[in-house]
Amino acid sequence: MATRWTLSQAQALFETPFLELMFEAQQIHRHYFDPRQVQVSTLLSIKTGACPEDCKYCPQSARYKTGLEAERLMEVEEVLSSARKAKAAGSGRFCMGAAWKNPHERDMPYLEKMVQGVKEMGMETCMTLGSLSEQQAQRLAHAGLDFYNHNLDTSPEFYGSIITTRSYQERLDTLGKVREAGIKVCSGGIVGLGETVQDRAGLLVQLANLPEPPESVPINMLVKVKGTPMADNDDVDPFDFVRTIAVARIMMPRSHVRLSAGREQMSEQTQAMCFMAGANSIFYGCKLLTTPNPDEDKDLLLFRKLGLNPRHGTTESGDNAQQQALAAQLLSADTEQFYNAAR
């Protein structure tokens, strides 16, 4: 039976001396995972900007003047072309994100074709499209969608200070519909929104206490974008971010904890501590929707320095070839390792 976490228990973990917390997180990580393996994914923005939501951190909101040029939903073949290049570079999972409050019914046939096309290549599929109805979740599942990303962002108590156009319960409801449809769940949050340590603990309690914890838990560091209300937020202390990764690993021992947005602004040493704390998934060689990710050669060098190996997805078709291709690129410094799906 899964552990039911209390807020006080989560806060106690955050208050644990740093090195003791790291030791506990690493022990748990090694019990459930190979500590040298990191799951790698490619992310593509299939519809950018003009989002009606008011998330204060997001440059894709139509409410803020960030200089982001809005783009319509990409053509199916254009998306599949990007997926082919990602697979050729060794990616095991292809994630597609759209700046919507929710997908329109007129878009569903195109989204289904994207999922089907990527699946036919032997890759895992993931989408993040906003809120879903039960029927939409079922249609995506029928098309073969493996993962659906829908973040909770922060604690229920702090959430209203960040977003007013979508309720916390609506996010939880979407996760429930996704799970009910048989799609794996990807859900996490953001550090650096102005939240307290108690809010970080509250977020992780919400995630860990879902009927089934998410298979993937992305922990993002706020990327401050000029024009958004959070452009001048205080920087996140690297130790506080690493601590959040460690607590997530302890509270959700079987989940993949993803080091996600904000990696561009992290030093190699901070990223290394995140991996030590239990992070075992990244987006690589891509632009995270509208914010930068480390250059491909930087990812290559860091993997080699730390002795980390890419872990392919669980899709049966083509997995061995994908793993071998990426592993070969990791070992060859004169090869372009990572495909930038946002170019």
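Residue numbers in this text run from 1 along the chain shown.
Every residue gets a Cβ built from N, Cα and C, even glycine.
All chains included, 23 other C-beta atoms sit within 10 angstroms of the C-beta of Cys55 ([4Fe-4S] cluster binding site). The [4Fe-4S] cluster binding site annotation in Swiss-Prot covers Cys51, Cys55, Cys58, and the record cites sequence analysis as its basis.
Here Swiss-Prot flags Cys95, Cys126, Cys186, Arg258 as [2Fe-2S] cluster binding site, drawing on sequence analysis. Secondary structure at Cys95 ([2Fe-2S] cluster binding site), taken from DSSP and collapsed to helix, strand or coil, is strand.
Residues or ranges marked as domain 'Radical SAM core' in Swiss-Prot: 36-254.
Least packed by the Cβ count within 10 Å, out of the binding-site residues Cys51, Cys95, Cys186, is Cys51. The secondary structure of Cys58 ([4Fe-4S] cluster binding site), as reduced to three states from DSSP, is coil rather than helix or strand.
For Cys126 ([2Fe-2S] cluster binding site), the number of other Cβ atoms no farther than 10 Å from its own Cβ, over all displayed protein chains, is 25. The [2Fe-2S] cluster site is defined by Cys95, Cys126, Cys186, Arg258, and by the 8 Å test on Cβ atoms against their centroid, the other residues of the chain that qualify are Ser41, Leu43, Arg93, Thr128, Phe147, Asn149, Ser216, Pro218, Ser281, Phe283. The Cβ of Arg258 ([2Fe-2S] cluster binding site) lies under 8 Å from the Cβ of Gln39, Cys186, Gly188, Ser216, Val217, Pro218, Ile219, Ala279, Ser281, Ile282, Phe283, each of which sits 6+ residues away along the same chain.
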